[in-house]
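Asks: Pasting the feature list from TrEMBL:
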{"type": "DOMAIN", "residues": "16-426", "note": "domain 'Enolpyruvate transferase'"}
{"type": "BINDING", "residues": "30, 99, 127, 175, 348, 394, 419", "note": "phosphoenolpyruvate binding site"}
{"type": "BINDING", "residues": "30, 31, 35, 173, 174, 175, 202, 317, 344", "note": "3-phosphoshikimate binding site"}
{"type": "ACT_SITE", "residues": "317", "note": "active site, proton acceptor"}
Ligand SMILES: O=C(O)C1=C[C@@H](OP(=O)(O)O)[C@@H](O)[C@H](O)C1
Ligand SMILES: C=C(OP(=O)(O)O)C(=O)O
């Protein structure tokens, strides 16, 4: 059932001729929307999701839940309604290229009665799944998976999951842990999950999972490092208010930094469940000024763009945008701690090394990161440079940021941004045109 993605759309990246200055209003966080959908589907009553992200990842998540018997009404742009139902197969779930779907939905399917098949885009079959499949099996679930343990896979649900204790190596993705925890209150014995292996990346995403579980009434203990205990018990239906997507905002903030402009993310809350502290610290290290007030979260370029040395493991999904900033900085950068992003939408370290080299950047690739040596950047003299996006929305963001400063960059495909922000090309072009 490997699916066909939206047709690719080559796109000349606009170059900025003046500082980019704007206030942007972005849709909700992908990660929060995904968790709200799962927790609402497993709750004991209806839920409302305010200001969700409407994008490929969340549309496919909604479709997957509907195919399992959950009522998900996404007809209103601003307010989605979820009506839990008896979970049942048979069903076929298209995960697209979404890690959140391929890791969060199989545990839900395990609670259903019947057969549920999962598959997705060609590259989805390459993304790591083995550890979560093994953990689900240890918890009493019957799953047929490919030889590598990944997609396509079939969950043969019996209507309940015994749960109990499991050990997992979640160094390849925090989503293995999040996926198991989100469904764990509905396991008969709950779940005690212990991670063994190199560090789990994306700690803020794990905290988002446990925050949101507690907000839905679950009892969760994470007092012991690398151990999560979820008691069996009901999840409450509730109203989720989704924060603007901080990761989606990153290229817009980068535009302010690169052009010496100012970009405000409107509607930013005073308290956030996204890793805003880490993002602010990194942007300041690059040389930006960052403020938070009633207008929102504002990033100002100062005319200085320094190279940085940083461990990006907590905000690994932003490696492409930070690498683009590093390529335009006034000194070298070393971005490490992100070996696992080789298993993201593409091998992001290899992809960044290849594409940044094409425009003249000096790049050294390490198993867990990149050293980036800025040099005068240029598109190819004849016909410009074609920047491959590898079906990866964040590679497209990185290319757009480079394009601000380097005329003649064409992305092979900007349609891949529909994964998390379908309006990206128009928003971006509008912003740069006003500069
Ligand atoms: O749980 C989530 O919503 C996410 C967790 C992270 O995954 P990894 O831990 O695999 O990096 C992040 O990169 C991804 O974009 C979203
Ligand atoms: C890694 C990412 O996505 P996914 O949820 O598909 O893992 C990402 O959005 O950068």
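Backbone N, Cα and C atoms are what each Cβ position is placed from, and that goes for glycine too.
Automated prediction, rather than curation, is the source of TrEMBL annotations.
Not measured: the values here are computed from a predicted model.
Explain the structural surroundings of these features, please.
Replies: Residue 175 (phosphoenolpyruvate binding site) falls within a helix when secondary structure is assigned with DSSP.
DSSP assigns residue 202 (3-phosphoshikimate binding site) to coil in the three-state reduction, outside any helix or strand.
Annotation for residue 317 (active site, proton acceptor): spatial neighbours 202, 247, 341, 344, 394, criterion Cβ-Cβ under 8 Å with sequence separation of six or more.
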Asks: Out of 35, 202, which of the binding-site residues is least crowded by other Cβ atoms within 10 Å?
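Replies: The binding-site residues 35, 202 were compared, and 202 has the fewest Cβ atoms within 10 Å.
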Asks: Residue 99 (phosphoenolpyruvate binding site) to residue 174 (3-phosphoshikimate binding site): how many Å between their Cα atoms?
Replies: 10
Asks: Taking the residues 30, 99, 127, 175, 348, 394, 419, which the record names as binding phosphoenolpyruvate, find the longest CA to CA distance and state it in Å to the nearest whole number.
Replies: 19
Asks: DSSP secondary structure for residue 99 (phosphoenolpyruvate binding site), reduced to helix/strand/coil, please.
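Replies: SS state of residue 99 (phosphoenolpyruvate binding site) = helix.
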Asks: Which binding-site residues, if any, among 35, 99, 127, 174, 202, 419 have a Cβ under 6 Å from ligand 2, given in order along the chain?
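Replies: Result: 99.
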Asks: Comparing the binding-site residues 344, 394, 419, which residue's C-beta has the most other C-beta atoms within 10 angstroms in this structure?
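Replies: Checking each of 344, 394, 419, the winner is 394.
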Asks: From the recorded positions listed here (35, 174, 175, 202, 317, 419), select those whose CB sits under 6 A from an atom of ligand 1.
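Replies: Among 35, 174, 175, 202, 317, 419, near ligand 1: 174, 175, 202, 317.
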